[in-house]
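Structure first, then comments.
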Amino acid sequence: MTMHQICVRHNFESAHRLPHLNDKCKNLHGHSWWVEVTVSAPALGDDGTVVEFGIFKKALRAFVDEYLDHGAMLGDQDPLASVLADHGCKVYRFGASPPRPDRHDGERSRWQAERHATDLAYPTVEAVAVMLGRVARQALQGMLPCAAGAGLGHVKVTETHTNSAHFVPATSGLPPAREPAAAGTPAAGTLAAGTPAVAGTPAGTPATAGTPAAAGIPAAAGIPAQARQDIDPAAPLTRERSRM
Ligand SMILES: Nc1nc2c(c(=O)[nH]1)N=C([C@H](O)[C@H](O)COP(=O)(O)OP(=O)(O)OP(=O)(O)O)CN2
């Protein structure tokens, strides 16, 4: 079987520390991280793509820029996590538990992003790759104009020139192929033949205005509402997703 693959990259500046590893890693230190995500599909969509670069990057970047860039990634048990958060610093916690229902909106909103890493105790490079794989996969599911059967290929996260981690999902990463569209009715997430892709308005999916502030997804300009919903960490993780 042939396979098409595309790759997008994004970078972010973030501190982390790994107090359970060696002496060097227990210091709060920063890296210029790179994340690279590939998306695979057995056949190209009607628009000749696996997934349109711009829309996919916007969805991925929205999460990274909002929750990780110029912040700190820490284990939930790390005492620095609450100290930094109490001082207004951006903190993304690995291994965090859901807040009690009576907690304030800010805490609930933070959790919506942190639930991608709830089963990952520490922000190792490997764990960051898993977490960003979940974000990327949710961005892909749903309406993005992508080829039938398109799914997450792999995620590479680089923290230094010498250190990186690859995450490859246990499954192929391909969600079930979408049903072929009835004539004249483009399937969700696919482009109708001959339908030009209008930026931010994928064919077959009405872009509902104004959405997911509640989902913790930044309402970045140009990201289709549905795409933002798709990276909504509040969406329940399926068994398959949680294996990623
Ligand atoms: N498997 C992993 N090992 C280590 C991780 C990790 O995330 N996964 N992280 C660290 C530290 O965070 C540290 O940033 C990197 O440590 P190290 O490579 O030892 O340090 P340098 O980048 O300074 O290495 P040099 O090549 O000597 O410059 C450690 N291990």
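Using the three backbone atoms N, Cα and C, a Cβ is placed for every residue, glycine included.
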Would you mind telling me which of 98-118, 224-244 TrEMBL tags as region 'Disordered'? 224-244
In TrEMBL, of the candidate ranges 48-88, 171-211, the one given as region 'Disordered' runs 171-211
